[in-house]
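Take a look at the structure set out below.
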Amino acid sequence: MASDINYQDGPDLSRRDESPAEDEPIHSPASLRQTEYERIGGRTGSSFSQTIIHLLKGNIGTGLLGLPLAVKNAGLVVGPLSLLALGIVAVHCMNLLVKCAHHLSAKMGKPFLSYGDAVEYGMENVSWLSRHSLWGRRVVNLFLNITQLGFCCVYFVFLSDNVKQVVETANATTVNCHNNETAVIVPSYDSRLYMLFFLPFIIVLVFIRNLKYLVPLSFVANISMCVSLVLIYYYCLTNIPYPINLPLAGRGVDYPLFFGTAIFAFEGIGVVLPLENKMQNPRNFTTVLYLGMGIVTTLYITLGTIGYIGFGEHIRGSITLNLPLCWLYQTVKLLYSFGIYITYALQFYVSAEILIPPAVVRCGPRWALMVDLGIRVALVGLTCALAILIPELDLVISLVGSVSSSALALIIPPLLQIITFHNEDMKLWVMVKDIGISLIGFVGFVAGTYISIQEIVARNSSRHNGTHLQLL
């Protein structure tokens, strides 16, 4: 990768950093000393359209398919409005992260800062935090690992649920997509056995250590997921029932589940800095961010709303599980499952890059390959084991979103702005706004985690009692 890095061709962005007022350039001596903001991308970086595509891919996954259930938990009116508000705040926090990284990068004379780097150098701006700045990087890396491996757990559950449904309804599948009332489901194996079936195939997939070898498979996966989404939207838009008799607001106790699922869907904050730094013209990244995330938020609101309207109280953790039992939509489930299978390797790669290199350095070149592959097997096994322990797609999504996505997307970026710009005439209203966003994220973190764990325990107890009664 080092051979592709070009530090000389980047545009002059030394004056791009904006003040905490978010509309005025920063004139700090450190930023003015650096006359050129060095870039990873340069002339060989990603174009405007390529960056938008990468941003869309980073935010469209299993979380999108769980949004109809999220809207159900919030209500037909409260849900879409909350998605819109959450989208605006999440995009604002992504922009804050980029601005802080710019400022700190210029100040430290670094060509590129990761999320963890930005938090570490930001903490060095505060005297009483500087001694513990390394922990800033560690905390961010911890949440990144929880998030990425949490995505992988969700993928195991998603694959098992969807393939299980296709197998169980294979004998009843028809070419008629409008009349499935007579379909008979033939019970098959428990969904957790399907996870074990997928385990060796996923291990083989993550043994591909160079992402460039995954490019052809990733391209096919992207096409299959796009086709699936088009068909899902088509079915939902053409099967809206009339009249619509759904609650406008959900129960207050269910709202934390909405929050966890919704913030999980905004899963692309981890790719913001790498994408921005690999653009040919990073000056345009703000436009890319707002345009791309505007498209993403629109997709979220529309699918969440029409999915809930179409299936009502029967909506499930993934809208694919509600689709008709005909060959067309069974194929949709398999196509999307293939896309998720390939995406597992891409999400896994982030954690692998954080965890494996330090271990390989300690063991020496002789055992490097064995240690590398061993850690990969252990991490895949861990995600499979966690998925088996919590085989509830909606609750796994809500739990991962509440625990880690809320921290990375809502809590940390506003605090990073405060510690980065606190000694540069930071306006009071900006500080109040940042503290307010972080508090909202923290409340969602606590409430969403508590309610998700409570629901997991309740469902496991119900499943155990049901099994016990069957044995009797």
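Placed from the backbone N, Cα and C atoms, the Cβ positions cover glycine too.
According to TrEMBL, the protein has these features:
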{"type": "DOMAIN", "residues": "45-453", "note": "domain 'Amino acid transporter transmembrane'"}
{"type": "REGION", "residues": "1-33", "note": "region 'Disordered'"}
{"type": "TRANSMEM", "residues": "74-98", "note": "transmembrane segment"}
{"type": "TRANSMEM", "residues": "139-158", "note": "transmembrane segment"}
{"type": "TRANSMEM", "residues": "191-208", "note": "transmembrane segment"}
{"type": "TRANSMEM", "residues": "215-235", "note": "transmembrane segment"}
{"type": "TRANSMEM", "residues": "255-275", "note": "transmembrane segment"}
{"type": "TRANSMEM", "residues": "287-311", "note": "transmembrane segment"}
{"type": "TRANSMEM", "residues": "334-355", "note": "transmembrane segment"}
{"type": "TRANSMEM", "residues": "367-390", "note": "transmembrane segment"}
{"type": "TRANSMEM", "residues": "396-416", "note": "transmembrane segment"}
{"type": "TRANSMEM", "residues": "428-453", "note": "transmembrane segment"}
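Within its own chain, the transmembrane segment (191-208) has Cβ neighbours under 8 Å at 156-157, 159-161, 163-164, 214, 341-342, 344-345, 348, 352, 373, 376-377, 379-381, 384, 387-388, 391, counting only residues six or more beyond its boundaries. Per-stretch counts of Cβ pairs under 8 Å to the transmembrane segment (255-275) identify 74-98 as the leading one among 74-98, 215-235, 287-311, 367-390. Most Cβ pairs within less than 8 Å of the transmembrane segment (428-453), among stretches 139-158, 215-235, 396-416, belong to 396-416. Touching of the transmembrane segment (396-416) and the transmembrane segment (215-235) is ruled out by the presence of fewer than three CB pairs under 8 A, sequence neighbours closer than 6 excluded.
Against the transmembrane segment (74-98), stretch 287-311 has more CB pairs under 8 A than any other of 139-158, 215-235, 287-311, 334-355, 367-390. Remote same-chain residues near the transmembrane segment (334-355) are listed as 61-62, 65, 141, 144-145, 148-149, 151-152, 155, 158-159, 162-163, 166, 198, 201-202, 205-206, 208-209, 211, 214, 217-218, 220-222, 224-225, 227-229, 270, 320, 375-376, 379-380 (criterion: CB distance under 8 Å, separation of at least six residues from the stretch ends). Outside the transmembrane segment (215-235) by six or more residues, the chain places 57, 60, 64-65, 177, 302-303, 306, 310, 319-320, 323-324, 328-329, 332-333, 335-336, 338-343, 346 with a CB less than 8 A from a CB of the stretch.
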